[in-house]
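What Swiss-Prot lists as domain 'CP-type G' is 69-229, and the listing cites sequence analysis. Here Swiss-Prot flags Asn118, Lys119, Ile120, Asp121, Gly172, Pro173, Ser174, Gly175, Val176, Gly177, Lys178, Ser179, Ser180 as GTP binding site. What Swiss-Prot records for Cys252, Cys257, His259, Cys265 is Zn(2+) binding site.
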Amino acid sequence: MGKKELKRGLVVDREAQMIGVYLFEDGKTYRGIPRGKVLKKTKINAGDYVWGEVVDPNTFAIEEVEERKNLLIRPKVANVDRVIIVETLKMPEFNNYLLDNMLVVYEYFKVEPVIVFNKIDLLNEEEKKELERMDSIYRDAGYDVLKVSAKTGEGIDELVDYLEGFICILAGPSGVGKSSILSRLTGEELRTQEVSEKTERGRHTTTGVRLIPFGKGSFVGDTPGFSKVEATMFVKPREVRNYFREFLRYQCKYPDCTHTNEPGCAVKEAVKNGEISCERYKSYLKIIKVYLEEIKELCRED
(Lines of atoms letter the chains of each structure in order from A and count residues from 1; the text may use other names and numbers.)
(Lines give C-alpha, C1' and ligand atoms only; values in the text may rest on other atoms or scores of the structure.)
Protein backbone atom coordinates (compact mmCIF):
# COMPACT_ATOMS: atom_id res chain seq x y z
CA MET A 1 0.00 0.00 0.00
CA GLY A 2 1.51 3.36 -0.98
CA LYS A 3 1.64 6.42 1.22
CA LYS A 4 -0.98 8.17 -0.92
CA GLU A 5 -3.53 5.62 0.23
CA LEU A 6 -2.64 6.10 3.89
CA LYS A 7 -4.10 8.81 6.09
CA ARG A 8 -2.00 11.34 8.01
CA GLY A 9 -2.45 11.91 11.71
CA LEU A 10 -0.81 13.51 14.74
CA VAL A 11 -0.06 11.73 18.01
CA VAL A 12 -1.88 13.90 20.54
CA ASP A 13 -1.88 11.56 23.54
CA ARG A 14 0.95 9.35 24.75
CA GLU A 15 0.82 7.73 28.16
CA ALA A 16 2.15 4.29 29.07
CA GLN A 17 0.99 1.96 26.26
CA MET A 18 -1.85 4.23 25.16
CA ILE A 19 -1.55 6.27 21.96
CA GLY A 20 -4.10 8.79 20.75
CA VAL A 21 -3.97 9.84 17.09
CA TYR A 22 -5.76 12.91 15.75
CA LEU A 23 -6.74 12.29 12.13
CA PHE A 24 -6.56 15.47 10.04
CA GLU A 25 -9.08 14.14 7.53
CA ASP A 26 -12.02 14.06 9.95
CA GLY A 27 -10.78 15.83 13.10
CA LYS A 28 -11.44 12.74 15.21
CA THR A 29 -9.05 11.16 17.73
CA TYR A 30 -8.51 7.40 17.44
CA ARG A 31 -6.75 4.79 19.54
CA GLY A 32 -3.42 4.28 17.79
CA ILE A 33 -2.06 0.76 17.26
CA PRO A 34 1.49 0.47 15.84
CA ARG A 35 2.07 -2.44 13.53
CA GLY A 36 4.79 -3.88 11.32
CA LYS A 37 8.20 -2.20 11.53
CA VAL A 38 6.74 0.67 13.56
CA LEU A 39 5.76 -1.75 16.32
CA LYS A 40 9.25 -3.23 16.46
CA LYS A 41 11.58 -0.28 15.91
CA THR A 42 9.95 3.08 16.56
CA LYS A 43 9.49 4.91 19.87
CA ILE A 44 6.38 7.00 19.34
CA ASN A 45 6.00 10.34 21.14
CA ALA A 46 3.35 13.02 21.36
CA GLY A 47 3.84 15.35 18.42
CA ASP A 48 4.87 12.63 15.99
CA TYR A 49 3.22 12.79 12.57
CA VAL A 50 2.08 9.33 11.53
CA TRP A 51 0.58 7.57 8.52
CA GLY A 52 -1.83 4.68 8.65
CA GLU A 53 -5.38 3.53 8.16
CA VAL A 54 -8.61 3.42 10.12
CA VAL A 55 -9.33 -0.25 10.83
CA ASP A 56 -12.52 0.24 12.85
CA PRO A 57 -14.58 3.22 14.07
CA ASN A 58 -12.21 3.82 17.01
CA THR A 59 -8.84 2.44 15.91
CA PHE A 60 -6.05 3.79 13.70
CA ALA A 61 -3.29 1.38 12.61
CA ILE A 62 0.04 3.23 12.48
CA GLU A 63 2.16 2.13 9.51
CA GLU A 64 4.77 4.89 9.34
CA VAL A 65 6.22 7.68 11.51
CA GLU A 66 7.56 10.80 9.83
CA GLU A 67 11.09 11.97 10.57
CA ARG A 68 11.05 14.49 13.44
CA LYS A 69 12.40 18.00 13.18
CA ASN A 70 13.04 18.09 16.94
CA LEU A 71 12.30 16.25 20.18
CA LEU A 72 12.10 18.02 23.53
CA ILE A 73 12.78 16.25 26.80
CA ARG A 74 10.64 18.48 29.07
CA PRO A 75 7.94 17.63 28.16
CA LYS A 76 8.69 14.81 25.74
CA VAL A 77 7.07 16.22 22.60
CA ALA A 78 8.24 15.98 18.98
CA ASN A 79 7.95 18.51 16.17
CA VAL A 80 7.36 21.50 18.45
CA ASP A 81 6.95 24.68 16.37
CA ARG A 82 6.85 27.21 19.20
CA VAL A 83 7.67 27.26 22.89
CA ILE A 84 5.58 29.93 24.60
CA ILE A 85 7.88 31.32 27.30
CA VAL A 86 5.55 33.06 29.73
CA GLU A 87 6.99 35.92 31.78
CA THR A 88 5.68 38.71 33.98
CA LEU A 89 7.17 42.07 34.80
CA LYS A 90 5.98 41.63 38.38
CA MET A 91 4.25 39.02 40.53
CA PRO A 92 6.71 37.37 40.11
CA GLU A 93 9.37 39.96 39.30
CA PHE A 94 11.00 39.61 35.89
CA ASN A 95 14.48 38.05 35.80
CA ASN A 96 16.11 38.50 32.40
CA TYR A 97 18.96 36.10 33.24
CA LEU A 98 16.52 33.22 33.74
CA LEU A 99 14.77 34.10 30.48
CA ASP A 100 18.06 34.28 28.59
CA ASN A 101 19.06 30.85 29.91
CA MET A 102 15.76 29.44 28.71
CA LEU A 103 16.19 31.04 25.29
CA VAL A 104 19.61 29.41 24.92
CA VAL A 105 18.19 25.99 25.83
CA TYR A 106 15.29 26.14 23.38
CA GLU A 107 17.58 27.50 20.64
CA TYR A 108 19.73 24.43 21.32
CA PHE A 109 16.69 22.17 20.82
CA LYS A 110 15.88 24.02 17.57
CA VAL A 111 12.50 25.25 18.77
CA GLU A 112 11.44 28.82 18.02
CA PRO A 113 10.66 30.69 21.27
CA VAL A 114 8.00 33.36 21.57
CA ILE A 115 8.07 35.52 24.69
CA VAL A 116 4.66 36.24 26.20
CA PHE A 117 4.40 38.77 29.01
CA ASN A 118 1.33 38.00 31.12
CA LYS A 119 -0.47 40.03 33.82
CA ILE A 120 -0.23 43.31 31.93
CA ASP A 121 -3.43 44.37 33.69
CA LEU A 122 -1.39 44.78 36.91
CA LEU A 123 1.07 47.33 35.54
CA ASN A 124 1.12 51.05 36.34
CA GLU A 125 2.34 53.63 33.83
CA GLU A 126 5.99 53.42 34.89
CA GLU A 127 5.92 49.63 34.71
CA LYS A 128 4.32 49.76 31.27
CA LYS A 129 7.29 51.84 30.08
CA GLU A 130 9.68 49.24 31.48
CA LEU A 131 7.75 46.50 29.71
CA GLU A 132 8.09 48.40 26.44
CA ARG A 133 11.84 48.59 27.05
CA MET A 134 12.01 44.81 27.55
CA ASP A 135 9.85 44.34 24.47
CA SER A 136 12.33 46.42 22.46
CA ILE A 137 15.37 44.53 23.79
CA TYR A 138 14.04 41.11 22.84
CA ARG A 139 12.58 42.19 19.52
CA ASP A 140 15.93 43.74 18.62
CA ALA A 141 17.55 40.43 19.57
CA GLY A 142 15.31 38.70 17.04
CA TYR A 143 12.43 37.32 19.12
CA ASP A 144 8.69 37.79 18.84
CA VAL A 145 7.12 39.33 21.94
CA LEU A 146 3.43 39.39 22.84
CA LYS A 147 1.67 40.97 25.82
CA VAL A 148 -1.45 39.46 27.36
CA SER A 149 -3.64 39.30 30.43
CA ALA A 150 -5.01 35.84 31.07
CA LYS A 151 -7.26 37.45 33.69
CA THR A 152 -8.98 39.98 31.41
CA GLY A 153 -8.40 38.24 28.08
CA GLU A 154 -6.46 41.15 26.61
CA GLY A 155 -4.09 39.99 23.87
CA ILE A 156 -5.34 36.38 23.88
CA ASP A 157 -6.94 36.60 20.43
CA GLU A 158 -3.66 37.91 19.02
CA LEU A 159 -1.80 35.02 20.67
CA VAL A 160 -4.23 32.47 19.20
CA ASP A 161 -3.78 33.99 15.73
CA TYR A 162 0.00 34.02 16.11
CA LEU A 163 0.05 30.32 17.02
CA GLU A 164 -2.19 29.23 14.13
CA GLY A 165 -1.19 25.81 12.81
CA PHE A 166 1.61 25.30 15.35
CA ILE A 167 2.40 22.60 17.90
CA CYS A 168 3.26 24.51 21.07
CA ILE A 169 4.31 24.03 24.66
CA LEU A 170 4.27 26.44 27.58
CA ALA A 171 7.33 27.20 29.71
CA GLY A 172 8.42 29.87 32.16
CA PRO A 173 8.93 30.58 35.87
CA SER A 174 6.55 29.50 38.62
CA GLY A 175 3.62 31.81 39.19
CA VAL A 176 3.57 33.57 35.81
CA GLY A 177 0.19 32.13 34.81
CA LYS A 178 0.95 29.30 32.40
CA SER A 179 -2.12 27.35 33.48
CA SER A 180 -4.30 30.45 33.14
CA ILE A 181 -3.06 31.01 29.60
CA LEU A 182 -3.69 27.37 28.69
CA SER A 183 -7.19 27.71 30.08
CA ARG A 184 -7.76 30.80 27.93
CA LEU A 185 -6.48 28.97 24.84
CA THR A 186 -8.27 25.65 25.32
CA GLY A 187 -10.64 25.82 28.29
CA GLU A 188 -8.51 23.22 30.10
CA GLU A 189 -5.90 23.30 32.87
CA LEU A 190 -2.29 22.15 33.00
CA ARG A 191 -2.05 18.63 34.43
CA THR A 192 1.44 19.29 35.80
CA GLN A 193 1.70 22.74 37.31
CA GLU A 194 5.45 23.22 37.29
CA VAL A 195 8.58 21.33 36.26
CA SER A 196 11.88 21.93 38.06
CA GLU A 197 15.21 21.40 36.37
CA LYS A 198 16.49 19.78 39.57
CA THR A 199 13.66 17.50 40.69
CA GLU A 200 12.20 17.03 37.21
CA ARG A 201 8.84 16.86 38.95
CA GLY A 202 5.75 18.96 39.34
CA ARG A 203 2.54 18.94 41.29
CA HIS A 204 0.06 16.34 40.00
CA THR A 205 2.81 14.83 37.84
CA THR A 206 1.75 12.64 34.92
CA THR A 207 3.83 10.23 32.91
CA GLY A 208 2.44 11.28 29.55
CA VAL A 209 1.72 14.32 27.46
CA ARG A 210 -1.52 15.33 25.81
CA LEU A 211 -1.72 17.85 22.96
CA ILE A 212 -4.93 19.87 23.13
CA PRO A 213 -6.34 21.39 19.91
CA PHE A 214 -7.24 25.07 19.84
CA GLY A 215 -7.75 27.86 17.33
CA LYS A 216 -7.18 26.99 13.68
CA GLY A 217 -5.14 23.81 13.53
CA SER A 218 -3.06 24.55 16.64
CA PHE A 219 -2.11 22.19 19.48
CA VAL A 220 -0.65 22.91 22.92
CA GLY A 221 0.79 20.50 25.47
CA ASP A 222 -1.03 20.14 28.78
CA THR A 223 2.27 19.51 30.60
CA PRO A 224 4.66 22.48 30.82
CA GLY A 225 8.33 22.70 29.99
CA PHE A 226 10.98 24.02 32.33
CA SER A 227 10.04 26.54 34.99
CA LYS A 228 13.74 27.26 35.47
CA VAL A 229 16.77 25.91 33.66
CA GLU A 230 20.50 26.56 33.37
CA ALA A 231 21.97 26.52 29.88
CA THR A 232 24.91 24.57 31.35
CA MET A 233 22.68 21.49 31.46
CA PHE A 234 22.85 21.15 27.68
CA VAL A 235 25.20 23.59 25.98
CA LYS A 236 28.99 23.43 25.90
CA PRO A 237 30.89 26.60 26.91
CA ARG A 238 32.16 27.36 23.42
CA GLU A 239 28.68 26.92 21.97
CA VAL A 240 26.85 29.44 24.18
CA ARG A 241 27.79 32.31 21.86
CA ASN A 242 26.00 30.54 19.00
CA TYR A 243 22.67 30.69 20.84
CA PHE A 244 22.62 34.44 21.43
CA ARG A 245 21.17 35.11 18.01
CA GLU A 246 21.98 38.82 17.89
CA PHE A 247 25.70 37.98 18.27
CA LEU A 248 25.60 36.13 14.95
CA ARG A 249 25.13 39.38 13.03
CA TYR A 250 28.69 40.47 13.81
CA GLN A 251 32.05 39.39 12.40
CA CYS A 252 34.84 39.41 14.99
CA LYS A 253 38.56 39.56 14.22
CA TYR A 254 39.03 35.97 15.38
CA PRO A 255 36.64 33.19 14.25
CA ASP A 256 36.77 31.55 17.70
CA CYS A 257 36.17 34.80 19.59
CA THR A 258 34.44 34.20 22.94
CA HIS A 259 33.26 37.84 23.12
CA THR A 260 35.01 38.30 26.47
CA ASN A 261 38.58 39.64 26.36
CA GLU A 262 39.74 39.26 22.75
CA PRO A 263 40.86 42.31 20.73
CA GLY A 264 38.77 43.17 17.72
CA CYS A 265 35.55 41.73 19.17
CA ALA A 266 32.67 43.11 17.13
CA VAL A 267 30.11 41.93 19.70
CA LYS A 268 31.70 43.95 22.52
CA GLU A 269 31.84 46.95 20.20
CA ALA A 270 28.14 46.49 19.43
CA VAL A 271 27.37 46.44 23.16
CA LYS A 272 29.40 49.60 23.61
CA ASN A 273 27.49 51.28 20.76
CA GLY A 274 24.11 50.22 22.12
CA GLU A 275 23.40 47.83 19.24
CA ILE A 276 23.31 44.86 21.63
CA SER A 277 21.56 45.11 24.99
CA CYS A 278 23.83 45.33 28.04
CA GLU A 279 21.36 43.10 29.91
CA ARG A 280 21.64 40.37 27.29
CA TYR A 281 25.44 40.62 27.18
CA LYS A 282 25.63 40.41 30.99
CA SER A 283 23.50 37.26 30.87
CA TYR A 284 25.95 35.77 28.37
CA LEU A 285 28.91 36.57 30.63
CA LYS A 286 27.07 35.17 33.65
CA ILE A 287 26.37 31.89 31.86
CA ILE A 288 30.07 31.63 30.99
CA LYS A 289 30.91 32.37 34.63
CA VAL A 290 28.61 29.55 35.74
CA TYR A 291 30.65 27.19 33.58
CA LEU A 292 33.88 28.37 35.16
CA GLU A 293 32.48 27.95 38.67
CA GLU A 294 31.26 24.43 37.85
CA ILE A 295 34.70 23.49 36.52
CA LYS A 296 36.36 24.81 39.70
CA GLU A 297 33.95 22.79 41.83
CA LEU A 298 34.71 19.62 39.86
CA CYS A 299 38.44 20.21 40.31
CA ARG A 300 37.96 20.54 44.08
CA GLU A 301 36.09 17.23 44.15
CA ASP A 302 38.90 15.53 42.21
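Quick reminder: no glycine exception, Cβ is built from N, Cα and C everywhere.
Shown on the structure are the features that Swiss-Prot records.
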residue	record	contacts (Cβ under 8 Å, 6+ apart)
Asn118	GTP binding site	Val86, Glu87, Thr88, Val148, Ser149, Ala150, Val176, Gly177, Ser180, Ile181
Ile120	GTP binding site	Leu89, Lys128, Leu131, Lys147, Val148, Ser149, Glu154, Gly155
Gly172	GTP binding site	Ile84, Ile85, Val86, Glu87, Met102, Lys178, Pro224, Ser227
Cys252	Zn(2+) binding site	His259, Glu262, Gly264, Cys265, Ala266, Val267
Cys257	Zn(2+) binding site	Arg241, Gly264, Cys265, Val267
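Each of the binding-site residues Ser174, Ser180 was scored by the number of other CB atoms within 10 Å of its CB, and the largest score is that of Ser180. In this structure the residues listed as binding GTP are Asn118, Lys119, Ile120, Asp121, Gly172, Pro173, Ser174, Gly175, Val176, Gly177, Lys178, Ser179, Ser180; their two most distant Cα atoms lie 19 Å apart. Ranking the binding-site residues Lys178, His259 by other CB atoms within 10 A of the CB puts His259 at the bottom.
Reduced to three states, the DSSP call for Ser180 (GTP binding site) is helix.
All protein chains included, Cys265 (Zn(2+) binding site) registers 19 other Cβ atoms within 10 Å of its own Cβ.
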